Amino acid sequence: MTEPAPVPPAQPPVVEQMGARLHPLTPFVKGWGYFVVAAFALVNNEGLRSNLEVAGIGLAGVLVGGILLGALSWWFTKWQLTEDAIRVDSGFLFRRTRIIRFDRIQAIDVAQPFVARLFGMAELRMDVAGGGKSDGKLSYFKYAEAGQLRTILLVRAKGEQVAQQQDQEQQNEAPPLLVVPTNRLLGATLLSSTVLGSAGALIWLIVATMVLDFHIGLFAGLPLLLGVVQPIWKQVVGNHGFTLSQTDHGLRTKRGLFDVQRQTIPPGRVQGLLITEPLIWRLLGWSRVELDIAGVAGGQEDGESGNEGAQLLPVGERGEVAAVLARVLPGFNLDAIDLQRAPERAKWLRPIGWRYLAYGADEQVFVTTAGWISRRTSIVLHHKTQSVRLAQGPIQRRLNLANVHIDTPQGPTNAVALHRSAEEAAWLTQAQAHQARQARQAIESTRPDQS
Amino acid sequence: MDDLFAPSDVSWTPVSPQLASVRRVSAAITAGVFGIAALLALGMTLGWLYGVLGLVVIAAVFVWSWVLIGRNQRSWKYAEREDELMVSHGILFRELVVVPYGRMQFVDVAAGPLERAFGIATVELHTATPATDAKIPGLHPDEAARLRDRLSALGQAQAWGL
């Protein structure tokens, strides 16, 4: 399978012959962060602070250079709608043309990051199956323009009816199933291992510097401070008012304080789930639920890794987690699954963690658990299985152990039945391959229209 | 061989011994370069006795890799089941991959200059996840082409949605 061939030049584009440019303020909105960083760096620099003239010139240089680069990139970025695709040309040194076919677009969202909102601008995020995160982004437009374009694209991609339906949906939101309270978000973040670890190290550093007169330099504190502040910011601001609601097209999440993110989770596109329970959360009965979804492009914060999938529940109590799981996988009950522990000889490879290695399966899903500090429960659907792998290293061979990997499309889940006895693993590999085939056939016979 | 990594209920096809030849030639090139480098470097600095000693050590490593390459080549095998492709390989780190044809996204056939000289090619089957490691090296070009066509035909016929 290759990318769809570029539209031949003979075919006249429908809307724009030459291609249109994005909003002229785009470079500023995209690049404001760099200016702030540059200004901060210049002001903070001891040598430059004493010499304001140089600092001013430096800042001006960065500013002008940045604006120039931004303007160039803006000038050379053009988009146009063709017969069956949206085409984006960009880059002034390395020209790049991206063609996104309408029929490949899974969903289109209009998003407004914080700074863009100040200027009344918005970006268009297109979910493209198999595409990366930044692949389907087009920023920025005037807010109204983005809305119009979204409607046009929706009509082309899915037909008139769907477009109207989705428009209505955007306006009247379904009643929320679940809202995560901010104080729980804050509490959960403060009790997460990253924050606790960083805070502990920071306190030690401060005590060491102040009391023991032990000068390591407070520069070491900066990354630690970041380790405390960044997760809090990300969780509390990014997931502020996390709301889950049910629509006709699946579950819908809404979150964010400044930058409101919306994401729809169509039920058929869930590949797997990951439940994470850090050590302290476990005592409080909290856990986090993340999803693997085919083709998640938009709906994620900038700078997050593409591997992160979709959040279904940033932090929830046991009852909520069970309810959410039941929504995504009807008829599924995690507690009903009989988990098989790894054999005791696995302790040679995992001295403590071996007790927590387990796998289980029912006719719908395959479940694995691992980890004693942070327990991770991966749940993957049989009929989404891409391949099954049986692997064994030299030490495992001596112990007569083997791993079974159930590969699903990229995402946070990692379903590996670690350190099983070799015979069981070999059997499991065949059984899972068989199970995947059966599950797929069952799905196909109930939904003949879906391929 | 135990049959955990190669269930005996399917017929396994071995890969061409030419795979071992290709790897031995490239190992020989590497060993030759390192051997001469060691001979010259050690010979000029510590004396020619050490240079020759270095050469001997590298020659020994090469002989050992010669044996390992042979064993590794014999470990590669694949089987075409009704619905799945199975690839099994490795001696120290062993792996068996089971990929349903319907999961196939695309198939690559690749052959480097050395591989072409020895008349072999590599077929790689890609699914929607990079974790799938379904690569079959050391196929005769005709077999590679046949496998490619068969895999794409089967992939099309049994295509499973994401």
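Glycine is no exception: its Cβ is also placed from the backbone N, Cα and C atoms.
What TrEMBL records for A:25-43 (among others) is transmembrane segment. Same-chain neighbours of the transmembrane segment (A:25-43): 49, 55, 58-59, 62-63, 66-67, 69-71, 73-74, 113, 115-116, 119, 121, 139-140, counting only residues six or more beyond its ends whose CB sits under 8 Å from a CB of the stretch.
Residues or ranges marked as transmembrane segment by TrEMBL: A:55-76 (among others).
What TrEMBL lists as domain 'YdbS-like PH' is A:74-152 (among others).
TrEMBL lists A:185-207 (among others) with the feature transmembrane segment.
The annotation transmembrane segment is assigned in TrEMBL to A:214-233 (among others).
Residues annotated as domain 'YdbS-like PH' in TrEMBL: A:354-425 (among others).
Across the domain 'YdbS-like PH' (A:354-425), DSSP classifies residues as 16 helix, 38 strand, 18 coil. Assigned with DSSP, the residues of the domain 'YdbS-like PH' (A:74-152) fall into helix, strand and coil as follows: 23 helix, 37 strand, 19 coil.
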